[in-house]
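S.K.: Would you mind keeping the following structure in view while I ask a few things?
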Amino acid sequence: MSWNRRHLLTLEELSLAELDQIHATAASFKKILTRSVKKVPALRGKTIVNLFLEPSTRTRMAFDMAAKRLSADTISLDAKSSSTTKGESLRDTAQNIEALQADMIVVRHSAPGSPLYLSKILGIPVINAGDGAHEHPTQGLLDTFTMRERLGSLKGRRVVILGDILYSRVARSNIQALKTFGADVTLVGPSTLVPKHLEALGVTVSHDLRSALADAEVVMLLRIQHERQNAGMFPSIGEYTSMFGLNQQRAAWLHPNAIIMHPGPINRGVEIDSELADGPRSVILDQVTNGIAVRMAVLYLCAGGQPEYVTPTG
Amino acid sequence: MPALWIQNARVIDPANKRNAVGDLFVKNGLIVADLSAADKKKAKVIDGTNLVACPGLVDIHVHFREPGQTHKENIATGSHCAAAGGFTTVVCMPNTSPPASNTGTIQYIKDVIKRDAVVKVLTTGCITVDMKGEALAPIGSLAKAGVVAITDDGDCVQSNELMRRACEYAKMFELPIMDHCQDHSMTVDAVMNEGEVSARLGLKGWPNAAEDLIVSRNAILATYTGAHIHMQHISSRNAVEIIRRAKDRGVSISAEATPHHIALTDKCIEGYDPKFKMNPPLRTAEDQEAIIEGLRDGTIDIIATDHAPHTDYEKDKEFDYAPNGILGLETALPVTLDILLRKNRFSLPKVVDLMTRKPADLLKLAAGTLSVGAAADICLFDPKEKWTYDARAGFSKSSNSPWDGEELQGRIKTTIVDGRVVYDGKNVRKR
Ligand SMILES: [Zn+2]
């Protein structure tokens, strides 16, 4: 089976076969990361522009590193260095990037749907690096890749996503991929951040941490933003932690083999206690490493490379 | 001006309970019962075979963007859209720049109307100074200058106390208050309906409750002050129910629905296309059903378009950043016929009533009737004709319509204002 998608905009639109292809390609790229020369010539001569109109250090660094591991040239533009602060439209900015003969554009933008919009305007591949509260497909890919490394097949596995789901693109991409993999997803958190209508995503919504965590094999924590408290979404950080923070006692409710995930950056002592974040169940740093391999796979496939070593999902 | 003789049309005139094939006569710009033999010889004859002849349509909610944003529309082009849509009387919203909150601006607008408009364009004034929601506009002077209502449309007066005073004050002049019902504190950065679709798309939601609260407030203030409050573009099912119950108690309120809220839902936004971005936002199928039921039982009094032009480059943006609003005048009748007549079995006279006599009566306008002696404002349309709407080939300066490129059924053939043909099915008679 061959890869025939030019853009990566959402995980909602990817089939199980396509998710498998990306993961399999990522697995082969991950091996390269352990070599002394961590570089392949797959995208030599190609130029990738990282258009990050919303600040992000981690994702941008990971995309940049992934592109360099594939021997591509990269250019990074942020809101300050692009002309958008001078009132230039996104259309004009993107068309300029294309006219400069870039081969691919990686876009992070606060407005949901903006990568889709760019994909309709541009003739080059568009990779969504996070569009507002909509999706963050490479994060969902690296998270599910990490889960599969630890747990094998995700079919029927109990995955809990805990925290600010309403505004989380990470949650949305994970939910979409997990659904395709056949996992059983529960969203948990305060009702203001995890409203009932999220059930439209095909998941269970719960506000009871104990029953949600019971026997879960994955718990994925999301960062709590201080702005949400100011917006009246919950009374205080202290109250959040007392109601929904993950500590040793609560982690004991999980399945014995459960893993603990977090897309970072972590608020130690808020979403999660330090001893858990650094403990044996935590795969937080594996997620970071896998982020490079997965992004290499996405850049490579969307640039026209073909998947190798594809193994069927169990 | 020659007399007009419209022959053999299905004449629908709800004001006079007329609904039969027959002729219509016009002399000196007025509807007359018949013409003399001599007049008949000289009269301009319009063949109405297979057409409906009804009072010129009346829209009490349009944005013509003059003064201040005439790159989107102006009174001339707005009135051309109206004529092409079968409308002979329209009411302009005051959220121009500057906003129409003083008599100078009203006079300016009226001068432009007199010079440029091909249909009857009426003005409204703001409730508050510059629509800031802080102090009452000179409502008495605005009434004297001839505004037919006051509204801060586009915005909503947030202070209950100020709204109460506006009601009390406007009541002195028997001036209706029209309100865009939106609690701003609940809709910060909101760009679409809050619900399942917004949850999936990650777009910030505008909950029904923000509309329902203000609708309730207005019902309470109308009761308390005795002023008449008209709720603009109702989009929420609960709001319909609140209005229904208040009307049952005899509260002096009224409400309108737009063609787009009865025709489209928030599912349309799945491709993040800003041509579906409007305020209030497109809601769910349940809201839609409730609004249609409201129109059926009279809870919602009328159809109004909220014709809101924006240029291509303003709409060609990330969904979050595109402005709210769509064109409405040229597609209003076919879209309404499609939803109410064909899909929900409203009678044709009922649909005509919602777009003619009832909106005219609401603001006490001399329009919406074919009574003998009334101004000869007439619309002739073919309810069956199918055509494809090309927004760029239309009469607006803008083309922001969800129906651009869509096939519609029901087409305006002739629009007559004061006995003069202003639209002949192809061209607008320019001034
Ligand atoms: Zn409005």
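Here the Cβ of each residue, glycine as well, is placed from N, Cα and C on the backbone.
Those TrEMBL annotations? Automatic predictions, nothing curated.
These figures come from a predicted structure and were not determined experimentally.
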S.K.: Do you know which of B:N50, B:N95 TrEMBL groups with B:H63, B:F64, B:R65, B:N279, B:H310 in the substrate site?
M.R.: B:N95
S.K.: Just to be sure I read the record right: B:H180, B:H233 are listed as binding Zn(2+) 2 in TrEMBL. Which of B:D153, B:D189, B:D212, B:D248 is listed for the same site?
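M.R.: Answer per TrEMBL: B:D153.
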S.K.: For the Zn(2+) 1 site, TrEMBL lists B:H61, B:H63, B:D153; sort out which one of B:D297, B:D301, B:D306, B:D312 goes with them.
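M.R.: For the Zn(2+) 1 site that includes B:H61, B:H63, B:D153, TrEMBL also lists B:D306.
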S.K.: Could you check which of these recorded positions, B:D153, B:H180, B:H233, B:D306, sit within 10 Å of B:N95 (substrate binding site), going Cα to Cα?
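M.R.: Within 10 Å of B:N95 (substrate binding site): B:D153.
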S.K.: Based on Cα distances to B:H310 (substrate binding site), point out the closest of the binding-site residues B:D153, B:H180, B:H233.
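M.R.: That would be B:D153, the closest of B:D153, B:H180, B:H233 to B:H310 (substrate binding site).
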S.K.: Largest pairwise Cα distance, Å, within the listed substrate binders B:H63, B:F64, B:R65, B:N95, B:N279, B:H310?
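M.R.: Value for the max Cα separation, rounded to a whole number: 17 Å.
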S.K.: Those binding-site residues, B:F64, B:H180, B:H310: which ones have a Cβ sitting under 6 Å from ligand 1?
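M.R.: Near ligand 1, sequence order: B:H180.
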S.K.: Would you list, in sequence order, the recorded positions among B:H180, B:H233, B:D306 whose CA lies within 10 Å of the CA of B:H63 (substrate binding site)?
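M.R.: Checking Cα-Cα distances against B:H63 (substrate binding site), the recorded positions within 10 Å turn out to be B:D306.
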S.K.: So for B:R65 (substrate binding site), how many other CB atoms are inside 10 Å of its CB?
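M.R.: There are 26 such Cβ atoms around B:R65 (substrate binding site).
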S.K.: Restricting the comparison to the recorded positions B:D153, B:H180, B:H233, B:D306, which residue's C-alpha is spatially nearest the C-alpha of B:F64 (substrate binding site)?
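M.R.: Nearest listed residue in space: B:D306.
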S.K.: In this predicted model, what is the average pLDDT of the domain 'Dihydroorotase catalytic' (B:53-238)?
M.R.: 97
